[in-house]
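K.L.:
The structure that follows is given in the form of structure tokens.
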Amino acid sequence: MSDPLIGFRQYWYKNDLTKLEGMDVHMMPVPSSYNDITTQTNIRDHVGLVWYDRTFFVPQSWVNKKRVILRFSSVSYAAQVWLNGKLAVNHEIGHLPFQKDVTALLNFGASNRVTVACDNTLLQDTVPQGTVYEAKTDLGNKLVQSYTFDFFNYAGIHRPVVLYTTPLHYIDDITVYTDVSGTTGLVYYNVIYTKSDDVTCVVTLFDKHGTKVAGAESYGQDALKVPDAKLWWPYLMHKDPGYLYTLQVELHNTEKEVLDVYRQPIGIRTISWTNTSLLINNHPIYFHGFGRHEDADIRGKGLDLPTIIRDHNLMKWIRGNAYRTSHYPYADEIMDVADQLGIMIIDECPSVDTDAFSLRLLEKHKDSLTELYKRDKNRPSVIMWSIANEPRTQSKAAGQYFEEVAKHIKSLDRTRPVTIAIARGVNEDQSGFHLDVISFNRYNAWYQNPGRLDMITEKIVEEATAWHTKYNKPVLVSEYGADTMPGLHIYPEYIWSEEYQVTLLSNHFKAFDRLREQGWFIGEFVWNFADFKTAQTYTRVGGNKKGLFTRDRQPKAGAHHVRKRYSLLAKELYNVSLPSDFQHYLTPASIHHDEL
Ligand code: GCB
């Protein structure tokens, strides 16, 4: 086996990587996963470190006048970064940003080199967990990564890397909390900045046309009152959903010079919850959405702007109003679109299938939530935190562990409810006591009773009712679905066919409609929005095919079926007229056979 730490032993960060002799050096795009870019299996399935570098120029004019920050939006899983051969920053946990003031490490008016060692190894104390073992292969011993989660462990520099500057007096952080009193919006803000007696904070709120609607001068903490506030509403619930104001924060010195400025988009809305409902602006919410993935051909989990916009166009087309960032935080750019469109987000940290609870894991799990909170706290689209997907919640230790994790996020944010996408059964689960909303993933007629489309509706009704009875909290279904080969048609319905997916969805809809009448059932999330790549296994054909859309974002029959339902829900719940092409769905061929 080759020496995995050779780069450290040979100080690769001290020189251009292209100068390395005898090493496998590739041109690699950033942002992107590295796995599917080359034609080599050993790159796709690589376990351990990969090294990136590049050179860049910093202008002389920045010297002594600015702080220069190097920001990585996400490197998966762990990163070590050097600038001009000197260690700049370390970070662990993918899907989350990190940054460092690198002013002292830069050459101004000259060339600089950034080197990144990126490690994709997942162990028992990483978030998510994995196991690495040495396997005997025909080509000698090799490291193999195994993991139980069901998406490909893409790695690399997944999101943009930027160098930005701030003045020497600068705004470090802004926290905004909004409330509504009658028709007045209340915007509470807290600005962290380099304090000094002669610096004040001038805060101005602009509406979406750029007209000033409120303002104040303070030492960083105050509230603005916005008369006749335009509230942030979810998509379909209002004719102008996703309404954003801009909170402009300026630092002024005594001469009224502007030392720094930051423009933070905000939405004015309230979130509240009871044991039966989740409310936005005091209106109960019903989620009709999806679980998703950041996943695309070639790019893997690399930021992919065209796919992001296509996905949101499809989401509008299908009339979904929500998604969960299953199973890790999504790119800032995705969250920006959700804020603007009014799509509601259940924001999930990267804990998947958590097992073997340890103190070290708990600390990292909490860190992932702290970092996620810091990044997304001001986003109106984020209406709930998901602190894990399908952890093994059946033991007492798991109960205590998740009590700690839930307490932690609540200590940071009391304004949003907390959930877990639970897979364990109602009777054994120990986590629900510590949550505000119960979400459960269930694959009736797929993993349970495959082929039995007649074993869905009653089971879902019974299970959801049991969750509510046990915990007396609002309940939603966070995953259900069926793998579906696009173009495979078998009638009567047979597993993996498009017909099977359609009927499986229908039989869930029947349950959801009965549950909606109960008053505590608050949402349905199909698994998955689109097909996505997974680890290689005999249960996956080119990946997980439970998407309503193919991996290249074309609709299967199931997508049309969900569109029909979500359009009817939008009409019933918010009186939104049906799409103009809705009559297509009323032709006999597309009416479900039960209705004929
Ligand atoms: C689940 C997981 C999800 C999988 C899905 C499936 O329960 O939460 O990550 O992809 O099932 O299709 O097996």
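Backbone N, Cα and C define each Cβ position, glycine as well.
The annotation domain 'Glycosyl hydrolases family 2 sugar binding' is assigned in TrEMBL to 38-167. Feature annotation from TrEMBL assigns domain 'Glycoside hydrolase family 2 immunoglobulin-like beta-sandwich' to 170-269. As annotated by TrEMBL, domain 'Glycoside hydrolase family 2 catalytic' applies to 274-569.
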K.L.:
Need one number: mean pLDDT over the domain 'Glycoside hydrolase family 2 catalytic' (274-569).
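P.N.:
Residues in the domain 'Glycoside hydrolase family 2 catalytic' (274-569) carry a mean pLDDT of 97 in this prediction.
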K.L.:
Residue counts in helix (H, G, I), strand (E, B) and coil for the domain 'Glycoside hydrolase family 2 immunoglobulin-like beta-sandwich' (170-269), per DSSP?
P.N.:
0 helix, 58 strand, 42 coil
K.L.:
Please list the DSSP helix, strand and coil residue counts for the domain 'Glycosyl hydrolases family 2 sugar binding' (38-167).
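P.N.:
Tallying H, G and I as helix, E and B as strand, the rest coil: 10 helix, 67 strand, 53 coil.
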